[in-house]
Amino acid sequence: MRPSGRRADELRPISIQRQFTKHAEGSVLIGFGDTRVLCTASVEARVPPWLRGQGRGWVTAEYGMLPRSTHTRSDREAARGKQQGRTVEIQRLIGRSLRAAVDLQALGERSVVVDCDVLQADGGTRTAAITGAFVALTDALEGLVRQRALPASPLHGQVASVSVGVYRGEPVLDLDYAEDGEAETDMNVVMNDAGAFIELQGTAEGHAFRRDELDRMLALAEKGVGELLQHQQEALAT
């Protein structure tokens, strides 16, 4: 039995609120159960120096957690003087995932920076960030189309992400904090709407996982991502 009482293949309640802030070209407050992440997408009329003059755009991401997003307060990374390795890893993952859905040539020489700030953490912050960031990015790019800065959106598909793992010997979908702390295996999966995998991050914590467990986890991830893609579509339709 999972601590939340959910079935092994059941997502936490998902909420996606668009236009959560007024200044960013795209902004989303996403909830995976008690995890809350604010995702804002900002359009900049410039690209990194190594891309200048190539006619291509760039999509990148930054990630951070509020000091009291967890059970006990953590110092801001700015106060420590540097980012933690976990932060750098996660924001690179978010950026890679979003770029997989964008035709950077069609974007032109401009950048979209997506900031993902964890307001409340209860497991799955990076997967929630990717799923919400895609919606914020979509709104930002559609804004460029409305302004006639682009003839069409450079998006060529959807992207969403979910965690899976082995908890008390059973593969489960969308781990919360209580499960994540005890999981024998923890895996983050990023997929597109064509059913293809963009990234897999998996680690055996308690014991090594078998091929049959991996197959069951990937099947759960496919199911979960399919449901998250539907949540994105419903949010974008409102």
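Note: Cβ is positioned from N, Cα and C throughout, glycine not excepted.
These come from Swiss-Prot:
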| type | residues | note |
| --- | --- | --- |
| BINDING | Arg86, Gly124, Thr125, Arg126 | phosphate binding site |
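Between the two most distant C-alpha atoms of the annotated phosphate binders (Arg86, Gly124, Thr125, Arg126) there are 13 Å. Here the binding-site residues are Arg86, Arg126, and the one whose Cβ sees the fewest other Cβ atoms within 10 Å is Arg86.
DSSP classifies Thr125 (phosphate binding site) as helix under the three-state reduction. Cβ neighbours within 10 Å of Gly124 (phosphate binding site), excluding its own Cβ and spanning all shown chains: 25. Secondary structure at Arg86 (phosphate binding site), as computed by DSSP, is helix. Just so you know, the Cβ of Thr125 (phosphate binding site) picks up 24 other Cβ atoms within 10 Å once every protein chain is counted.
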